[in-house]
């Protein structure tokens, strides 16, 4: 008796699944496309509000603009990188396979060597012996960090303070680019402020490497200590650890009955202002979307070159966020998350959030924003060269340098 | 020779095999329902899963490569379970095996030396729990969980500290080329897989064809009766821990020495974490039988290797694939779990 019931049940399920599977998934095959592209995310995956989500934005925009079919692939663990890339390469019908994140560097190098006719692009990864069917897309984080450094220093000097902070993740060479750029921006702002107001404020940069990218508590402690020492604007370059920096600044504001800064935090990688509106003044954006887009564009237009491509301010590969950038990121969140976040922040609509972000920016006088823009133009023109510290020795040299001109000298020396 | 083959067949529990096969079918059917509920075509999804796992030489190589570490950690669990011990310390020994490979192959770039040191450290790390159990009566679940954490933090410190790669701080220094396990043919599969199979067969031989193994199993079934029959259950327990540590230590060492392209432990230990726990699932699916574990591990490897094509061709997101695979694995583990619980109550 029991067995026959079970058997009937199983047959029922089977019949149902066969019928139902016939009903779905038939519609969308007809659409024609000019080709296919694939994107492989690292273990952070979609929904990280940062790297992978930005990469998706770029890939989907490129897919739309060039009429391509986009295939996405997530990685469960690091062990999946080779398997995922290999599975795609084996199919052999992608214009380009984009790997997101430096963690995939080894895997791309290996699979690209096995499939020399397949184009690959890796975002933020570099290897001197990379096969020449791989485009390595890197970002000039030093340039973007210089902009937020100038912003931080000018806000600080304008409030009659003399310290800014930077909280970083693990002490690894890629982060020296951020720290060096930030210091350069601060030094440049000192000069600018002196010329504008006649006052020379020697702005100190408090810096701390927390040793981790995913411990908000450590970021909180570091930021709290810096605020205690008088830091007026704090730049976070610490991934998940940086959320603690935002918390510390928000708490400081609450304790002083302020809704908006200063003091402020500065976000990194994507436009993070929506996380704590009022406490975050701007973000240094690493336009992963632009990187992915340009790789696809090169592959479509036949200009693809296996080489290192560095995207800076000029190429819009890095930059300081605008309110529109923040809203674009916010719009890309799932609907439910958006609603929940708005409720949490006490806004009734997205427009209210946008207005609030604009009001936050108005706390900072116009001339400061213009000054930052001036620096941006000068870097784009090549009038000013921002140093790029690649190792301990170079960052030490920047830390010792007194003026931005000294730092620029270093930049020119290292470039040659 | 003839007798050993018929022994092998006799050792195979056909009732258990049948139960497992039915469980697999049920698991896939429930998974199909979930796929339907989310609007995906189960037929397309499953054919992509199997195509991705077995469709080409590379696919099969990936399947077998994924199955290798969990086969060894499953043996750790199974050998202990047969001795009446619930050993979940495979994870800790695995970390030590991995770091031993990194440390010692960089002292002497010899493959066998690296494997031997992985085995040694893995086995040594199993001893504290064994002695605590035998001489102090500390329950092995408690001690092995705690020892796993100690191993985690200690090895983590080695990874980010003394053995971090100065040129690439996201991982440890690499295994020197001359100490890496040779790859089979033109694939990503190393001889680690063959070594794992040999270990499984040796475990089977040990447990069912030696007096020593008989003693282990006897004390697992009933320690008092075993003592009456002249077997020292304490000795059996200590040896089961040690052999378990050998398996996991070897697994950890081979994970790092036999898996292109990285040949290093990565930051956050992301490429050595979780294999001990997955091994418990594999052991349950394989009914704690070394030969069953070979098939169970390959089955788990198939699920992992087929994930990529399932995402590409059926467009099923990874999260849902994980749900489906979780359902399948739990369903398949039910008979093994039932055995385990039954034994606990019987002893009770």
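Glycine is no exception: its Cβ is also placed from the backbone N, Cα and C atoms.
Listed in TrEMBL for this protein:
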- B:21-40: transmembrane segment (TRANSMEM)
- B:60-80: transmembrane segment (TRANSMEM)
- B:92-109: transmembrane segment (TRANSMEM)
- B:115-135: transmembrane segment (TRANSMEM)
- B:147-164: transmembrane segment (TRANSMEM)
- B:191-215: transmembrane segment (TRANSMEM)
- B:236-257: transmembrane segment (TRANSMEM)
- B:263-284: transmembrane segment (TRANSMEM)
- B:291-311: transmembrane segment (TRANSMEM)
- B:323-341: transmembrane segment (TRANSMEM)
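Residues of the same chain lying 6 or more positions beyond the ends of the transmembrane segment (B:191-215) and with a Cβ under 8 Å from any Cβ of it are 7, 11, 64-65, 67-68, 71-72, 75, 78-79, 82, 115, 181-184, 226, 231-232, 235-236, 239, 243, 247, 250-251, 254-255, 257-259, 289-291, 293-294, 297. Packing against the transmembrane segment (B:236-257) from elsewhere in the chain are residues 68-69, 71-73, 75-77, 79-80, 82-85, 87, 89-102, 105, 111, 114-115, 117-127, 129-131, 133-134, 175, 179-181, 190, 192, 195-196, 199, 203, 206, 212, 215-216, 218-220, 226, 263-265, 271-272, 275-276, 279: each is 6 or more residues past its ends and has a CB under 8 Å from a CB in it. Count of Cβ pairs under 8 Å against the transmembrane segment (B:147-164): among B:21-40, B:92-109, B:115-135, the largest is for B:92-109. Proximity of distant same-chain residues to the transmembrane segment (B:60-80), defined by a Cβ-Cβ separation under 8 Å and at least 6 residues beyond the stretch ends, is recorded for 53-54, 86-91, 93-94, 140, 184-185, 187-190, 192-193, 196-197, 199-200, 203, 207, 216, 240-241, 243-245, 247-248, 250-252, 254-255, 258-259, 275-276, 278-280, 282-283, 286, 288-290, 293-294, 296-298, 300-302, 304-306. Only residues 6 or more beyond the boundaries of the transmembrane segment (B:21-40), in the same chain, are considered here, and those with a CB under 8 A from a CB of the stretch are 46, 299, 314-316, 320, 323-325, 327-332, 334-335.
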